[in-house]
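A.B. asks: Right, I'll just put the structure down here and ask away after.
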Amino acid sequence: MAHRFPALTPEQKKELSDIAQRIVANGKGILAADESVGTMGNRLQRIKVENTEENRRQFREILFTVDNSINQSIGGVILFHETLYQKDSQGKLFRNILKEKGIVVGIKLDQGGAPLAGTNKETTIQGLDGLSERCAQYKKDGVDFGKWRAVLRIADQCPSSLAIQENANTLARYASICQQNGLVPIVEPEVIPDGDHDLEHCQYVTEKVLAAVYKALNDHHVYLEGTLLKPNMVTAGHACTKKYTPEQVAMATVTALHRTVPAAVPGICFLSGGMSEEDATLNLNAINLCPLPKPWKLSFSYGRALQASALAAWGGKAENKKATQEAFMKRAVVNCQAAKGQYVHTGSSGAASTQSLFTASYTY
């Protein structure tokens, strides 16, 4: 059956495909710097820094003004609405600083969860109303990709088929709207690590979720070559007593992806899901060394796992700028190595990089 009503022109498809490929080229990944005001406040509270717009701006300025060689490791940065319009201390927009480094600018587009009545505290995601207009404005303001996070959890009767289908369709509708406005959609269906489930249970659920997501993307005529996937790695629940090796995590993760994600998708950028910085790197490296066919780029889209050591080094003090940038650069470089399967663990990581970053029922 011929598609009589094409969703995108060949020119639109090429632009989207080119953007997606740029973000994940040569082991590059994504810095997720799209924490909301409240989430950033929790991070600042841990280092005893007040949650003000100026303090948030100062920390992000330090990250974004790092040496230009960061563009060898970071292909894209996801911003929060506030950050997109912030400037450095010289009056230059953050987004322009990033673009001049050759880094693609993205934006968080979802507007948080809303309860699904009749379920065990499951949610759907808000933000479709007015999304097309927001995307059009962001495109004018220099944004080239978007991000939308759907949350599914493993618990009694969870995730329900209703939650899976509702979130899959919402992700697909968002992706379609993004592409109509020239933005590459990052599709993020996260099976969160809360709970005591084992690795096999997480793999089973992750496969069900991803299968539903790609069915919905197909139903909505989404151009897969112009998308990126941001999934959870397949891991046991945070409260599971059995511990698994990075190789076991890798095999379960790549198997789940192999069964559900079409080869047309150019890149899969994993979220870190509250892992320590070091575990997020070790698992990504093992995934890239997994002896299964991997038709996609397998990279990272980390927030906490790129920023924890940097935030600890900063401590809210301007004189710590150099140490903060060095800590951030180190995590970016090692994750780029891991995205190529070339990371060698030396065992000399600092305390901040080995500390678990798990937060129950985590929200951005």
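Any Cβ shown, glycine's included, is placed from N, Cα and C.
As annotated in Swiss-Prot:
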ACT_SITE  GLU188  active site, proton acceptor
ACT_SITE  LYS230  active site, schiff-base intermediate with dihydroxyacetone-P
BINDING   ARG43, SER272, GLY273, GLY274, ARG304  beta-D-fructose 1,6-bisphosphate binding site
MOD_RES   ALA2  N-acetylalanine
MOD_RES   LYS13  N6-succinyllysine
MOD_RES   SER36  phosphoserine
MOD_RES   THR39  phosphothreonine
MOD_RES   SER89  phosphoserine
MOD_RES   LYS121  N6-succinyllysine
MOD_RES   SER132  phosphoserine
MOD_RES   SER272  phosphoserine
MOD_RES   SER276  phosphoserine
MOD_RES   SER299  phosphoserine
MOD_RES   SER301  phosphoserine
MOD_RES   LYS317  N6-succinyllysine
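What does the local environment look like for each feature on the list?
C.D. replies: A sphere of 10 angstroms centred on the C-beta of GLU188 (active site, proton acceptor) encloses 26 other C-beta atoms.
According to its DSSP assignment, LYS230 (active site, schiff-base intermediate with dihydroxyacetone-P) is coil.
Cβ neighbour count for SER272 (beta-D-fructose 1,6-bisphosphate binding site): 26 (other Cβ atoms within 10 Å of its Cβ, all protein chains included).
Around the Cβ of LYS13 (N6-succinyllysine), 16 further Cβ atoms fall within 10 Å across all displayed protein chains. Following the DSSP three-state reduction, the secondary structure of LYS13 (N6-succinyllysine) is helix.
Classification of SER36 (phosphoserine) by DSSP places it in coil, neither helical nor stranded.
The Cβ of THR39 (phosphothreonine) has 18 other Cβ atoms within 10 Å, all protein chains considered.
Following the DSSP three-state reduction, the secondary structure of SER89 (phosphoserine) is coil. Listed in sequence order, the residues of the same chain lying 6 or more apart from SER89 (phosphoserine) and placing their CB within less than 8 Å of its CB are GLU61.
Taken residue by residue with DSSP, LYS121 (N6-succinyllysine) is part of neither helix nor strand, so it is coil.
DSSP assigns SER132 (phosphoserine) to a helical segment in the three-state reduction.
In the three-state DSSP scheme, SER272 (beta-D-fructose 1,6-bisphosphate binding site) is classed as coil.
Counting every protein chain shown, the Cβ of SER276 (phosphoserine) has 20 other Cβ atoms within 10 Å.
Under 8 Å, Cβ to Cβ, and six or more positions away along its own chain, SER299 (phosphoserine) finds VAL24, GLY27, LYS28, GLY29, ILE30, GLY267, ILE268, CYS269, PHE270, LEU284, ALA339.
For SER301 (phosphoserine), the same-chain residues lying six or more positions away in sequence with a CB closer than 8 A to its CB are GLY29, ILE30, ALA32, ILE78, ILE186, LYS230, CYS269, PHE270, LEU271.
Taking Cβ-Cβ distances under 8 Å and a sequence separation of 6 or more, LYS317 (N6-succinyllysine) has no neighbours in its chain. Mapped onto three states, the DSSP output places LYS317 (N6-succinyllysine) in coil.
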A.B. asks: Of all the recorded positions here, ARG43, LYS121, ARG304, which one's CB has the most other CB atoms within 10 A?
C.D. replies: ARG304
A.B. asks: Which state, by DSSP, holds ARG304 (beta-D-fructose 1,6-bisphosphate binding site): helix, strand or coil?
C.D. replies: helix
